[in-house]
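Reviewing the structure listed below.
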């Protein structure tokens, strides 16, 4: 692949030969030299549940700790319920602004209002850090993971910032690391660009496992460290890139500890799937992001309001149909492209019955139908036989 075929983000990283930066882990102690040991959490009632001890574990080693980078709505959802895991691990929330350290001190912790149960889950039992190249001028000086490797990393920033965050911390990533991207976007590490990026940024034999998590839960922000779980749904997690371990050649990405830990986290209904299936699920989520979400933002309405009119001459219906045709064409082009051969082959092998051979061309044809405009429209709740007028 020539440099002209590289996307801009990859070209910029390929020409970057600088070593990965050393990062300092600031804590609230670096903002306020002396903090009160106890923080008044107020009085609780029947609609509030406090989980201050849920994250307390004997070990604080980095190989046991979960690091949630970008604790926004999705990060807060998973942090809340990871803390309620039967085998809960210590959790560090990595914020993107220094000011959030002070806000953490002043707030009651991570709050998640569950609309279904009518409960407000509050948890102050997390460690909160801000990672920066700037050494703190006062307070304890601590490098990220004490200069060791991070094992369990959950990146829930906005999609466009996900890989940049992972690249910034690559000094602390290696073969022992499992990195999960949980965002409303397609992971950049799929072939053909992912393997090229990884071979450029990591030494051979010391590559992390990278996975993607597609989240369908409806979660809205209600303030710093506070979210509303408005629409419970489900989620899927699967591997994007993993390197075979010469010491354990029989190991499969489904054996990854962190993937299994997320899949067994209560109340978020996260299903573990194959690499090919998570690729397809990300593409399906892309349909919502490309055709529906921009319209709800532009028209300042809820998703359901887009489907109140089914008339063939309705201007909004025509716009949505046009967007779906364009989105379908792009995704079908990707499915049919030679660079997608490896992931489609992996998906075909996973879907084939034991003892039978898989037909990649047949699987590719079915996937082309899966992402056709009529099927996409049906999945969005529209009538397939409606005249589009296009």
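Think of each number as a place in line: the chain as shown, counted from 1.
The backbone N, Cα and C atoms fix where each Cβ goes, glycine too.
Residues or ranges marked as NADP(+) binding site by Swiss-Prot on the basis of similarity to another entry: 70, 71, 72, 73, 74, 75. Non-local neighbourhood of residue 70 (NADP(+) binding site): 94, 96, 155, 156, 157, 158, 161, 165, each in the same chain, at least six residues away, with C-beta under 8 Å from its C-beta.
Taken from Swiss-Prot, the feature active site, proton donor applies to 285, supported by similarity to another entry. Taken residue by residue with DSSP, residue 285 (active site, proton donor) is part of a helix. For residue 285 (active site, proton donor), the Cβ neighbour count at a 10 Å cut-off comes to 18, with all displayed protein chains included.
Among the features that Swiss-Prot reports, substrate binding site is placed at 289, 293, with the record citing similarity to another entry. Close to residue 293 (substrate binding site) in the fold, though at least 6 residues off in sequence, lie 184, each with a CB less than 8 Å from its CB. According to DSSP, residue 293 (substrate binding site) is assigned to a helical segment.
Neighbour counts were taken at the CB atom with a 10 A radius for the binding-site residues 71, 72, 75; the maximum falls on 71. Distance noted between the C-alpha atoms of residue 74 (NADP(+) binding site) and residue 285 (active site, proton donor) is 15 Å. Secondary structure at residue 73 (NADP(+) binding site), as computed by DSSP, is helix. Non-local contacts of residue 289 (substrate binding site) by the CB criterion (under 8 A, 6+ apart in sequence, same chain) comprise 184, 185. Cα to Cα, residue 71 (NADP(+) binding site) and residue 285 (active site, proton donor) are separated by 21 Å.
It is 17 Å from the Cα atom of residue 73 (NADP(+) binding site) to that of residue 285 (active site, proton donor).
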